[in-house]
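*Asks:* Here you go, one structure.
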Amino acid sequence: MNMSVLTLQEYEFEKQFNENEAIQWMQENWKKSFLFSALYAAFIFGGRHLMNKRAKFELRKPLVLWSLTLAVFSIFGALRTGAYMLYILMTKGLKQSVCDQSFYNGPVSKFWAYAFVLSKAPELGDTIFIILRKQKLIFLHWYHHITVLLYSWYSYKDMVAGGGWFMTMNYGVHAVMYSYYALRAAGFRVSRKFAMFITLSQITQMLMGCVINYLVFNWMQHDNDQCYSHFQNIFWSSLMYLSYLVLFCHFFFEAYIGKVKKATKAE
């Protein structure tokens, strides 16, 4: 396995993290993500049915705490994985940053890679607040949560190429997104342009995901040992990112462009 020499400073908890046990656990338990997804789907439909005849819950303080916790986690994750990826990109080049498997077991990043995939299970809790507060639940929201959980657990066990980019981008977008949610939940007035920026960042993330999949597919065929993945993973990843791209573009149009056109016609 290709290990990159890294000179970035490690914190003690990052040094003590046993990535071999983590990878082995995921190889043995990744299919539990299907169980979590099924329970999540059952909660969505069951919870909405139960809340039909009930008054909504405010849950403002718990929502602030929840969003703030995920924001802080994502900020730290983005800083640590971002530092690693930047180091590899500048010292080894683009191909190594995409193909290097040491993101999963190297210093600094190994802890945050595992923390990332595990976090996709508790992040399902976002939907609890939407259900209990009787807010609009769109398809993109729960589809995104389920598929990210399934794909993250499925991919981590194989340590496939491209994972470093996928995780770092997601950390970065979530750092901004959950900070925005925390501010909104706390009652701060946040510019509409900030929300537009977040959605554009998500669209950019999905475009980059498609590009990374193309690069992995291309490099894998020339040297699978140096850029390890498999066609099944690339197929599911490409399908996932393409579907996200379409859905986020549709959401952007409906939420920002479509509303402006309707408001203009009304005037």
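Backbone N, Cα and C define each Cβ position, glycine as well.
Below are the features listed in Swiss-Prot for this protein:
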type     : residues : note
CARBOHYD : Asn2     : N-linked glycosylation site
TRANSMEM : 34-51    : transmembrane segment
TRANSMEM : 70-90    : transmembrane segment
TRANSMEM : 111-131  : transmembrane segment
TRANSMEM : 136-156  : transmembrane segment
TRANSMEM : 159-179  : transmembrane segment
TRANSMEM : 197-217  : transmembrane segment
TRANSMEM : 234-254  : transmembrane segment
*Asks:* Under an 8 Å Cβ to Cβ limit, what residues of the same chain, 6 or more beyond the ends of the transmembrane segment (159-179), are close to it?
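*Replies:* Distant Cβ neighbours of the transmembrane segment (159-179) are 23, 67-68, 70-71, 74-75, 77-78, 81-82, 84-85, 88, 97-101, 103-105, 109, 112-113, 116, 148, 197-198, 201-202, 205, 208-209, 212-213, 215-216, 219-220, 227-230, 233, 237.
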*Asks:* What residues in the same chain, six or more past the boundaries of the transmembrane segment (136-156), come closer than 8 Å to it by Cβ-Cβ distance?
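*Replies:* Distant contacts of the transmembrane segment (136-156): 23, 26, 30, 32-34, 36-37, 40-41, 44, 48, 104, 113-114, 116-117, 120-121, 123-124, 126-127, 130, 163, 166, 170, 233, 236-237, 240, 243-244, 247-248, 251.
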*Asks:* Answer with yes or no whether the transmembrane segment (70-90) touches the transmembrane segment (111-131) by the criterion of at least three Cβ pairs under 8 A, sequence separation 6 or more.
*Replies:* yes
*Asks:* Report, as numbers and ranges, which residues of the same chain sit near the transmembrane segment (234-254): CB under 8 Å and 6 or more residues beyond its ends.
*Replies:* 138-140, 143-144, 147, 151, 154-155, 162, 166, 196, 199-200, 202-203, 206-207, 209-210, 213, 216-217, 220
